[in-house]
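Report on the structure given below.
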Amino acid sequence: MPPSKAEKRGLTLEKLASYDDVITDALVDKIYYWATIRKNRGTRFTASRGLQEEDIAGVIREQVIWDKDPVEAVQQLLDLPGLRKYMKGLRDEKDQDQFKRHLRRYVNIYMPDCPFEVTTTNRYTITDHEASITARRDINPREEIKYLTGVQVAMTEEQEKTLELARKDFSLVISSRKKTRSLFLGPARFANHDCDANARLSTKGYDGMQIVAVKPINEGDEITVSYGDDYFGDNNEECLCHTCEDRQQNGWAPMKRVEDSDDEDMEEAESPVENPSEATSSGTATSGGKRARDITEEDAGADLPPTSKRARIEKKPSPTKARASDHLREATLKKVHSTSSLRREMPVSSIEDPSANINVTSPQMTQDIRNQQRDGLLTVSLDETSSSRESTPQSPLMAASPKSSHSTDATSVDDEHHVDSLPKIKVEPEVVHENPALGVATVKEEVITTTVNAPWPSPPAEDDEMSDLSELSDSMEFDSVKQQIVKRKFRPTLRTTRSKSRYEVHNRVGTPVSSAVGQDGEWVENPRKPGDYMTSSSLLSAKFSKWVECQTCDVQFVQQDGYNTRKECPRCERHSKLYGYAWPKTEREGKHDKEERITDHRIVHRFVDPDEERELKRGKTKKILKESIRERFSTPRSGRESMSASVEVDSGRKRRRVRKTM
């Protein structure tokens, strides 16, 4: 009899994600864990109410730690109400076997010979604790870290969106052999990234994963692997690992680049559709906009030589392109009007030939034209057929001039004036030339020829180099409400650099502070500082939260609701509840070891003695602890300040002052 389709099916993505969520909730979150493991299905996962903390911890303690029988532990765990109900939902026998194998991977991490322990770290989000792996003993290079394994399943982008893994991609790996993206789950997924990792991921079998040490790992060190060169942005520029913190690079760099947002796309998305029928006939706005952006990016990526002649338009533009050009002309006219008539008052005589000595306009006529221009009586007429992409070659000096980006208003006189007998002036606004070498996309030039009916006769216009344009001073501006020129108001600007006297000393240690502005964005101060996950005041936001030093591992931690001070950190306290020994001990170390295992964790007093508690409340120990944390996680800025202070002590001025007092 041929096998059915159900028997042919293997481990799928949805099944593995569901198995891992249920097992991590049962065997990690509900065993004295002080945080919550991030689930693969996000908000769609609901914890089982049939799993109690003491029931699961009792099975792990008796069957795994004391008797070292993980097989019996798996069977007893499946007899608990929550897991028994979940197993009944798996009707296929093969699915039940896969769930048992995945459950066994998590049961093994509580074996006494397991060299690691699942802990947490707040390095990445400061206020939220995420899972991590800490070594419980010394690990040699090229040693397979026992029980730190996982399983992978190939996936597609559609499945990734279905499981809402876009923001939870820390369990996604790309196989260098198969060149496919896979979902990687199991105890090994708790290993975080480091640019100088002490371990690596390797395949084992068909779909298995194993972590192997590449460097000596000491007891208490975090076990890390490398996720890739571009996992956290380009060249891992957003990485917050321990190595980047020591080197003050990537996510820990003193200065951070600000990426420019696409304001035009946002305005286009927010603007309503004027003609729904046209939008429907031409396709959806999203798809059309995406195609347009793709074409733009493709054109911008090509290396275009500086063109001296503009390409002629030989084909009639399509309706879509015509609408785009209409929006472009509206934006151009708005920009021209805002940058010429209001900001820069230009006398009429400035566009005339100075050498011609022709005085055909009186001051009264000039004033009338300006008043009509400001009151909106002068209208703009565009000739659709006169649009051209042809222009004369421009000199590099004119292209680089900042004045070339501004142009005069294209205006025409209303019906009160005789426009038939008046000459016509063609005004071609200048186009800003971008330097392709500065990383800016080269845009093809496009000029819209505008016909201006001037109310006065004028000789033929000459080159721009011969015209003398007068403009307002930088300290003056035109007030559109009062219709007069007023003094420009001071607008404070954000400082992106430090003063010279400060950063010269600061550059002696650490990464130099750049005072330049990047070509594709500004540099601002990075909000993340080295050690801020230990020194941040947001950690003590609760009323009775405080810093406490663990009496077992000498690590500082924040105790929430610290009415009474605890002796141990959450990691050491969880370890002692399970194994009955102080961290990192899991069993007797030989026949000469006479220390008894504590089988009932409830008999252990978890808080400090009353005398020590009184000392802590006086504030002396608390102040010393804060100073030690500040010195341990001091930023390079504080180190530089201490260096500058030491230089001042050794200076001659200081020595002379000492000699005078003596």
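A Cβ is built for glycine as well, from the same backbone N, Cα and C atoms used for every other residue.
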Exercise. Looking at the candidate ranges 483-518, 627-662, report the one that Swiss-Prot labels region 'Disordered'.
Key: 627-662
Practice problem: Could you put numbers on the helix, strand and coil content of the domain 'SET' (114-228), residue by residue per DSSP? | Solution: 13 helix, 50 strand, 52 coil
Quiz prompt | Overall pLDDT of the domain 'SET' (114-228), taken as the mean | solution = 87
